[in-house]
Structures are given as structure tokens and as C-alpha cells.
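Visitor: According to TrEMBL, the protein has these features:
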- 81-161: domain 'Cadherin' (DOMAIN)
- 162-270: domain 'Cadherin' (DOMAIN)
- 271-385: domain 'Cadherin' (DOMAIN)
- 386-490: domain 'Cadherin' (DOMAIN)
- 490-609: domain 'Cadherin' (DOMAIN)
- 26-47: region 'Disordered' (REGION)
- 1-20: signal peptide (SIGNAL)
- 608-633: transmembrane segment (TRANSMEM)
Amino acid sequence: MLRRNCLLLFLCFLFEQSSCAPFQSRPGQEWPHSQTGPLAAGRNGGSRGFQRVKRGWVWNQFFVLEEYMGSDPQYVGKLHTDLDNGESGVKYTLSGDGAGTIFTIDQITGDIHALRSLDREEKPYYTLRAQAVDIETNRPLEPESEFVIKVQDINDNEPKFLEGPYTASVPEMSPVGTYVMKVTATDADDPTYGNSARVVYSILHGQPYFSVDAKTGVIRTALPNMDREMKELYQVLIQAKDMGGQLGGLAGTTTINITLSDVNDNPPRFSKSIFHLRVPESSAVGSAVGRIKAHDLDIGKNAEVEYNIVPGDGGAMFDITTNEHNQEGIIMLKKPLDYETKKAYTFKVEASNAHLDPRFHNFGPFKDTATVKINILDVDEPPVFSKPSYAMDVYEDTPQGTIIGAVTAQDLDAGNSPVRYSIDWKSDLDSFFDIDPVRGTISTNELLDRESIAQHNISVVATKVNNPVLTSRVAVTVHVLDINEFPPELAMPYETFVCESAKVGQVIQVISARDQDLPQAGQTFSFKSPQEGVKTKNFTIRDFGNNTAGVVTLRGGFKRRSQEIYHLPVVIEDDGGLQTLSSTGTLTIRVCGCDTDGSLLTCSAEAIFLPVGLSTGALIAILVLIVVLYVGVRRQKKKETLMTSKEDIRDNVIHYDDEGGGEEDTHAFDMGTLRNPKVIKENMFRRDVKPELGLCPRRPVASQNSADISNFISLRLQEHDGDTSAPPYDSLATYAYEGEGSVAESLSSIESVKGETEEDYDYLNEWGPRFKTLAGIFGERSETDHDLDFKLQWKEF
């Protein structure tokens, strides 16, 4: 108060005329120094104008206590101006934040009051404007001035943890002072006024495990070697108190849930040192036969366990893997079990951690060992064959009932039950085989044919007598062996010829053989003449040793005139093993004419069709005789013709090789024209096609007396060939002569020989090698007929 009053006295001295009488004030209220301001006009009636005058009332800032609980309005302060001489001529007005609602002013005295309790945390200050006016004229006596009413703070808010409760984690076995987390409390009171907002932290619950820094709120571990396996979750209660923690300060609390995270500080441990397991001998390879487990107090990847079988007895029969879900060791069977061979196995299993922490190596080895004893249980098993499969051989056509082999099965169980055998009927639908149910011998039930079925695949079933449900099967393959049942024969019908100019020792033909026996690959054949060692005059067989042989000439000078065909027998033998078969084939060798280089020119055909010694002239005579006999028989035959007139000697046969056309097809040709040339109609056109008058040639008139039927038919043929109105389909017109009294007389070639000119067949030699044989035949015939008269030959025969 002393400092404030001195400041006021100093300001009054500066402005000389200011009113500096001290005002009454309340605790927390400050009064400002005076300020100067303009006045509207000069005094004593001087000339009008503006001049600087001293302001007679001043203020700056007021204070009001928050959370005022009194029954009367709280007094804030007083406004006053030196223009107010106490005669009630001045009126005070108030405007701005809360004017009239929160704050009110006495217009005469200038006293300001707060109408209700205020909260600094809601609004810390209010800005208002005050003015002094003439009470009668409301004319402002001074300019409007602004001032502030501040709400003075009291400690009415406790510290709060806005983000609580909290969760934190720290590794187990952490050293003392390991940082856990930091908490912060917020106080709504004014931090610039007093200690209302100064917070101090303390731990109420959670000691001696954790500690908290009183100023920063940082939480750290306070106890070494905290073990998660002993206690995992800790609940810590933290308090924040304002007023610097002094008595009377307000406090707030929060809870922190601290979890110890796991580290690999514990090795796996088996619950017992020996595990006993029982496994049936029928267990399948790869199946799980037992489970063991080493417990690790750690969690997550720190508890992952690896199992290994220590090499030793039984280790080769079993394997062990880890179940990722529950960390169990699963013992798997690697090889088949047999109770009769071995009844028990013993081995050791080692369990170790997969992820080690080097910080805890001093705790000891992180592994454990246990012994596993497995007892094999006897199971009634099906019989066991001595072999996984059987193969048997049998020759085809083996007599029925012949034993071809046997199968053997045994009951390996302690009971050693007898075994019975049978053939699965599905594998032998035709019942080719039979089996002895006691001895297991397999025999043939039918004759086997290798050419039909070369291999039989059957299934034999073995059944225990004391337990027919238990059966086993085995595959039996029966190979049918081929026997030499087919003799060899020539590979093909050879057309062999020998040239008239052939020399001694010349190979004129290479032959081979074939055999229907199987397999055809690898067969061996030999060739020879029927009488080995006896010399023949013409040809012999030379075996080349590679399943082929050659026909070799023994002489030269073969002549077609002397003999045109030779027959050479060939004996062919096969290599049939136990049984050798042979056959004799015959080669027909013809004598032919050849070129100088040995190429075939011609071979006489007379040797094929005529007996030996019949000449060419005799052949011609026989042919002429046959024609004469035929004509004679035809003349004696009275056959009714198809024509209406008995004098008509012509016949007409028309063939249509088409489909459809309707009834118009019967008018394709004028049938009467061929029957009687006298009734030929002029300009007869086809009615089934549109005539073309300009292109249709006039039909030539046939001979009225039918003197030359051959000429008539030729003319008719020319007419049809040039007919442009012919149908679009093919047609055939056939004309034949039959009967007596023909004007053209007989058409037989017998009587026409007189008029025939001698034909020269030398042009056939110019047609190439294919016509050389025909040219040779007709050449010889021309030479014979040159000196003989045809009629004389007829009389001789």
C-alpha cells in the first residue's frame, strides 16, 4: 500500500492540479493514477476552441475474487472524476463484458459490484468501458475509457491425470532405475499466482518395486531381478498434489498397470525323467506313436522347444518333431515294427530352447534330457508272402493241370496259424489257372495260346485259418512262352526270271522267309535244296547266313524255245530250340529275254496258258474254231425280237444312267426310227429340252433298203454325237445285229479275214518297255502268218 500511495503522489505532482485524495479500497483492489483528457470547451466564456485539459478521474485495473460465496454483491471498486463536485451533476455509465449482467455500477457514486460468483477457470478477466456524462443532458463530460476487471485465482482445482489409467511394460530381471514411463498431471488453477498450480508427484502404492520422480513424474524400477514367472502384473498408484505438496493442497491420483515382459531366463524341463509308451506293431510308417513335453516357464518365442533323439538304441526307428501350437514332442515311426523281431526300444530325447538370451548364460544349460521306452504290442497280422511278387513261365499248349509254380505265405504271429490260398476271380475271369489251397501250387486250367494272350496277371489271396478276415495279396505274372508250332515259309510269292544270257553262278533272285511264331524279331532261318549234296542241272540255293538266300544258276544258255518255266523247290528251316520245323516252297522261274545290261525285255506268255509244244498257229486255229461254232449256234436259234414287225432286223437298247427326269425321259429318242428307217420324221426335236433350230443338224437319211446296217449305225452315232439338244445327263445307245436275212450279211470276223490287210505290229516296239512283251507275241504271229494261208489252216484243222 505504501508503494502504491507513493506512486499516486508522484503522478499528482506531475499534473499539478489532479485530485489525489486517497480512496477507500478493499483487499485485492488497486486504484490507478490519474490521466488527462480533452474537454469540450474553454471556461469563463472564452472563445470556442480545443485545448488540452487535465482529466479529473482515472482507473486502470480492478480485481475480484473467484468463487465468492457472500450473500451481498461483491464490491469491486469505485469510479470518480474531479468534475464530480458532489452536487450530483455527473452520471457514470458502464458497458462491455458482463455490464449489467455480471457487473453493475451506481450511476451517482460510481461504485462497481459483481452480481454473482465468478470462476477464473471459466473466464479469467473482463474488459469494460466507463464514461462520465452530464446527468441532465447526457452530454459526455470526458471521452470513454476502457478498463479490465481480473478474476483473482484461489486454489479450487486439484491436479488431474487426463490420460489415466495407464499401462506400461518393462522386461523382467531389469536392473534398478530402468525407465518405465512418465505421467503428467494438469492443474487448472493459475500457475502465475501463488502455488495453486505447482504439482508434486508421489507413489502411494507399488513400493518397493517402483519409484516416481516428484517433479517430472517419471516412473522407474526400484527393485532388481523382478521375475515374471513369480509375479507378472503390478498395479501402482501415483498421487499428484498442488500447493507444492504442502498441507491443504489439493491432490489427484491415477493407476498404472505395469507388466513384466518375458525374457528367456528359464530352460525347458521335462516333468519326468522316463516316459513309457506302447505302440502296436501294425502302426503305419510316418504315423505318430507318442507325445512327450518339456515345460518352459517362459512364454512366446522364449518358450519354443526343439526336440532331438540322442543317437543310440532305437534312434533309427523313430523320429521326433515339435508341435508349434503346444510345444509337444511328437514321436514318429520311421520304419515298420515287428513284434516277433523286437519287442521294445529305448532311446533318449533332448529338449532345448530355440532362442537363447546371452545375458542369462550364467544361469546354466538351457536344455534337458529324458528317456523314452517304447514297448511293441503284438497285433494279429495277415499272412506275409515270401516275395513281394512272383513271375512264372509256361509254354503255350501246356496240358491242363500242369503245375507252373507255387507261392508261399506264412503267419508270423505267435499263433502261427495255417494259411489257405485262392485266386482272385476278378484277375482271372476266364479261369486259365487253378491253385492248391493248402500248398499254393499254381497249375493250368486251360490250354494257353501265346498268340492270343502272351502274359497273364493274376492275384493270389492268402487267408489265415483262425482269422479269415486277415488276408494278404500278391501279384503273380505268368509269361506264356512260344513253342515252335508254325513252320517257316517264303516271305512272299516271288516272280523270278532268268535271262537267256545268264551266266553260270549268277544270283538271279534273293529270297527270305517268315514265321508266325513270336517273337518275330530274332528268328533264324536256313535255306537249302531238297536233296543236299546232289547236284542239280539248272539252279541251286545258296544260304547267305542272314535269314536270306540266293537262287544261283548252275549253267547258262537258257532258251525259251526249249523250256520257258522251271520249278525250283526250296527247303526252309527255323531255329525252334527244342523243336525245329521246316517247309518246302517252290519257286517258279521263267526264261525271259533281256537287254545287254540284264534288264527284262519280254517273257513269253505261252508257257503259262498252253501245254508244252503247242505252237502259235494252233492257237489261232483254236480261236477261229470257237468263233465259227458260236456263230453257227446263233444262226440256228430262233429268238423272238422286241420289234413289232418281224421283218425289222434292228434292235435298239437305250440305257439311262441318271436319276429322275419323269415321263419325258421316254421321248429322249425316237424308238421307231431305229426300228424302221422308212418312218424317220423330219425335224424331230427333243421334248424335254428347248430346241435350238440354228444348231440342230439335219439327221442323215438311212439306207432305205437297209443294205449296210454297219454304215447305218455309224451314221446314227455321228448324229447323236453332234446333237446339241442332247440331255444334260449321260446316255448310252447300243446297236446289235441278230437274226437272218440281214442285208449287210454276217458281221463275223471269220469271213472277213479275206478282206483284211496284214497288220504291221512293229509300232508296239516304239511304245516302251511295258509293250515289249505284247510286241514280241504279235511279232512272232506275223512271221508265222506271212507264209501260211488262213483258209488252208482252217481246212487242216
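Yeah, the Cβs are placed from backbone N, Cα and C, and that goes for glycine too.
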Visitor: By DSSP, how many residues in the domain 'Cadherin' (81-161) are helix, how many strand, and how many coil?
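Guide: When I sort the residues of the domain 'Cadherin' (81-161) into the three classes, I find 0 helix, 35 strand, 46 coil.
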Visitor: Using DSSP, tally how many residues of the domain 'Cadherin' (490-609) sit in helix, strand and coil.
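Guide: Taking each residue of the domain 'Cadherin' (490-609) in turn, the totals are 4 helix, 55 strand, 61 coil.
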Visitor: Work out, from DSSP, the number of helix, strand and coil residues along the domain 'Cadherin' (271-385).
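Guide: Its residues fall into 10 helix, 55 strand, 50 coil.
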